[in-house]
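What follows is a single structure, written as structure tokens, with notes after it.
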Amino acid sequence: MADYNTLYHQGLYLSPDQQDLLLAALSSNQPPQKQQNDKQRSQAKTDPDSTPGNMSSGSFSMSPGFNKTHPGSGGLGYGDDESPFLDFNPELDFDFPGSENLIGDLPGSLPSEEHEVGEKRKDMSDNENEESGKKRRESDDKAAKKPGRKPLTSEPTSKRKAQNRAAQRAFRERKEKHLKDLETKVDELQKASDDANQENGLLRAQVERLQVELREYRKRLSWLTTGSGISAMSAIPSAHSRNLYGLNNNDFMFDFPKFGDLPGGHIFNGPLTKSNQNKPRDGSSPATSDSQVPGVMTRETLNGSNNRGMPTAKAANGVSNNPSPKVPSVYNIRQSASSHDSSNSCSPSSSSDSHQSQMLSSNGTSPEPSSNSPATKLNDSVQNHHACTYSTIDGEASFCAQLGMACGNINNPIPAVRGKSESVSNTPSQPNNNYEQTPGPGLDLLAQQNGGQFDPVLFGDWREPQDAILSQDFGTFFDDAFPLPDLGSPSHNFNEVANPQPPKKDLIAEIDNKLDEEVVPGEDKSQMLSCTKIWDRLQSMEKFRNGEIDVDNLCSELRTKARCSEGGVVVNQKDVEDIMGRVK
């Protein structure tokens, strides 16, 4: 029985392999202690005499039977010679029912060898995962340690999104505001461009209208200066030239006065005239006082002296011996001077002086009758049979003067040729010194009441009553009376300015043209020859140069065919060729 107990107690101890399996099962949940287990296992292999009494301390207490000092003490060994029991069956199974309860409850059934291999593989994979996780953390730490600005990971993502949305919204608002500003600026520029275009159109229309008016005024000025060849600057007392040929064309001309001066004062020596007018006039010397009236021109005022050897004693006696009042004496002076000029019209000097007198009186805007009036042509019927020479430089002026008798002038619209017989019967042939035998003073009284000065500005809008002007430019009267509306008004039409409407036909003017054939039609101006052209044709004729042509008869024939125009007396080219053909 004692032997059995000893065997039983010896069988309760575990072999080293069993101890290793037990430790592995117990330490399966503690991987870091594997090295310690391996160390303990190695110690257990090197020390087989250790007992399992002190497992927790890493060494086993040996029983007295396993003492190495007693080789025959019956210690357990791998060799058969070391076993104390020679007849011991090694295949003896010590496991009996209920033997697992002898040493206490185990944490779990012992795993098999296959399960142990799986656990080892699992432990190896876990170790590898732990090592890879450490490497990853180490790599993250290395990446975070790079130089430069690190992203702010502390702020939440929602806050960053809100800031991004606010920035985008502000950008869109600025963009929309910029677009609105650009659209507003474009609208303003478009409006300014439209206004500028409209203003340019109005200014362009106004310029066209002014150009039309300028052409109209130039046309009127050409009627006064051209046509007869006389300019406003050449109409002065000392103008002894060929420009004096058309003095009987009845043009109403005056030079433009200086600012602040009355018209005509520079022609008649205004300061001297004013000083002479301020002197007291008495009845003893009416010739010296009344001869200074600007509207009355005598031979003494033109020539200053009788250097031409003309008989002027009769006119001088008629003036000096008359103690009548001033107005009749002035009229007698003018009448005697004009009759003296008409009686000596055959000589070139007298004809030129008479034309100078007419020119000065018209330039001074005095309303006295010209040399074509009946009062100055008292002795024309007596003097017409005298032969006149046209070889001097004033021959053209004399020829044009006789040819101009076919037309009237401003003061005497009746032509001198038609009113010759009437003027001879109603006007005395010789001037008398008595005031009762002379006609009324006429318009000279008005001129003298104004101090001898006549202001043509008062009659600036006056027009000559000639049918030729009315027939050619009849619409200008209505343009002045009813001017065009303002350019800004809606009733204004720009086409009316650019293309003026032709004037309507005047029935009264057509009737007058039918009755009076002495008016030049506007469409036949190219076929009309002026006095200058007729005189040039006469000079080109050899018989005229030799003196074989009767100029008086030729002038009378041309006068019967003459027509009146705004530029003077004109004759149809066909009539001139017929008359000159008969003379040849």
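In case you wondered, yes, glycine gets a Cβ from its N, Cα and C as well.
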Swiss-Prot record, motif 'Nuclear export signal', of the ranges 253-260, 405-412, 549-556 the matching one is 549-556
Swiss-Prot lists motif 'Bipartite nuclear localization signal' for one of the ranges 68-75, 276-283; which is that range? 68-75
Looking only at the region 'c-CRD' (531-564), report the model's average pLDDT. 83
Could you tell me how many residues in the region 'Basic motif' (159-180) are helical, how many are strand and how many are coil under DSSP? 22 helix, 0 strand, 0 coil
Quiz question: given the disulfide-bonded residues Cys531, Cys555, Cys564, which has the greatest number of C-beta atoms lying within 10 angstroms of its own C-beta? Cys531
Integer Å value for the Cα distance linking Cys531 (disulfide bond) with Cys555 (disulfide bond) is 11
Fill in the CA-CA distance, Cys564 (disulfide bond) to Cys555 (disulfide bond), as an integer in Å. 15
